[in-house]
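These notes concern the structure reproduced below.
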Amino acid sequence: MGKEKTHVNVVVIGHVDSGKSTTTGHLIYKCGGIDKRTIEEFEKEAAELGKGSFKYAWVLDKLKAERERGITIDIALWKFETPKYNVTVIDAPGHRDFIKNMITGTSQADCAILIIAGGTGEFEAGISKDGQTREHALLAFTLGFRQLIVAINKMDTTKWSQDRYNEIVKEVSGFIKKIGFNPKSVPFVPISGWHGDNMLDESTNMPWFKGWNKETKAGSKTGKTLLEAIDAIEPPVRPSDKPLRLPLQDVYKIGGIGTVPVGRVETGTIKAGMVVNFAPAAVTTEVKSVEMHHETLTEGLPGDNVGFNVKNVSVKDIRRGNVCSDSKNDPAKESASFTAQVIILNHPGQISAGYAPVLDCHTAHIACKFSELIEKIDRRSGKKMEDSPKFVKSGDSAIVKMVPSKPMCVEAYTDYPPLGRFAVRDMRQTVAVGVIKAVEKVDKAGKVTKAAAKASKK
């Protein structure tokens, strides 16, 4: 087995019919953690339902259905391997809450794979003003992604046309450049997620494709397939030396064990014996044990999805959206208010002070009021255009002061990136995205459990 491969997380984005499920399903199917027996069961079931031809997407549909029913499915099913990496697919899209998940979840992703349908009319629909392709790519950039792979899918439906491919590459390079990506650092790969061309093996149908190349500070890399492009992702730097921040996804009550909060370590490390604080709940207690995938860990590191057992804390005291931190090392606090730079993506009217939509920031989902519009700025240059604007509308970018309607814990993006970016949701869509510049924190005395008091004396 040798040394374990580095883990990387990818998110797959693109228009609804671009073939994301088929492409992702194909990778998971061919290089993934699904055992042969499960695959055979899937195939049999798909055939019985007359979905024989649909097996890759079907794999994903099965997994997704289980995930949505709340069955904690074996996360190995969402993994596949490249020569260098263990890859986890963070979100298989097509999910209603995909954009919300992107904001709350992609703090996790190291790279975005943008799937584009090459078919006539399909590409145009995806990239049109209201197509999802642009919105997803803009979100990815705003959320701090700098690594992008573009796969131009369904090349079989274009009769493997080089002209069509070149036309799409030119158009996509243009719009991702406008957003802020450097197209030179982005590999473009023509694929058929369905037939498997250029997925794992070089296609014989596109002899004209001489391969992708990407240039980054680390040097230039080339390859032929999507798998190679994923293998060429720059290895992520995990922020384990920062103080602990762990937003809770759920809190379980487990018989014989007690209260078990679950979440992903975003920064720092968590280990047994640590005295942790939950904000904004203001509860302090000792961590009894930390585990991942039912195995005890000596410490949870950034990127790990862990469950940890805490003493003398009831399930009613803490909840999803709370943030766990080390009580002795820059503990997290409740946020009274914060200033943020927001980009208005799509709002039918005008937004003025007093607007109070729901914010999704890490795992918190709380209404926040735009209490003051401080200044309007040019989205591309970041320069100030106007002080105290009366309103902002779609396409504008502004610095605003926000006040949460209920206790909430957020951080400045520069200190803790995953806790410093958010989506503004209203009318079932993402109205704006934002990055937090500064936070006004609340100091409040909270509940310190007996276990914490005892552990602190040690």
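Cβ coordinates are placed from backbone N, Cα and C, and glycine is handled just like the others.
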Problem set entry | From 60-64, 70-74, 290-294, the residue range that Swiss-Prot assigns the feature region 'G2' | 70-74
Exercise. What range among 79-82, 91-94, 171-174, 415-418 does Swiss-Prot describe as region 'G3'?
Worked result: 91-94
Problem set entry | Annotated range (Swiss-Prot: region 'G1') out of 14-21, 126-133 | 14-21
Problem set entry | Averaged pLDDT score, the region 'G4' (153-156) | 95
Exercise. Which whole-number value in Å describes the distance between the Cα atoms of LYS316 (N6,N6-dimethyllysine) and GLY14 (GTP binding site)?
Worked result: 39
Problem set entry | Cβ neighbour count within 10 Å of MET155 (GTP binding site) | 30
For this session: For ASP17 (GTP binding site), list the number of other Cβ atoms lying within 10 Å of its Cβ atom.
Result: 16
For this session: Write down the Cα-Cα distance for LYS30 (N6-methyllysine) and ASP17 (GTP binding site), rounded and given in Å.
Result: 22
Exercise. How many other Cβ atoms sit within 10 Å of the Cβ of LYS30 (N6-methyllysine)?
Worked result: 15
For this session: Based on Cα distances to LYS30 (N6-methyllysine), point out the closest of the recorded positions GLY14, LYS20, LYS79, MET155, LYS390.
Result: LYS79
Exercise. In whole Å, how far is LYS79 (N6,N6,N6-trimethyllysine) from MET155 (GTP binding site) when you measure between their Cα atoms?
Worked result: 25
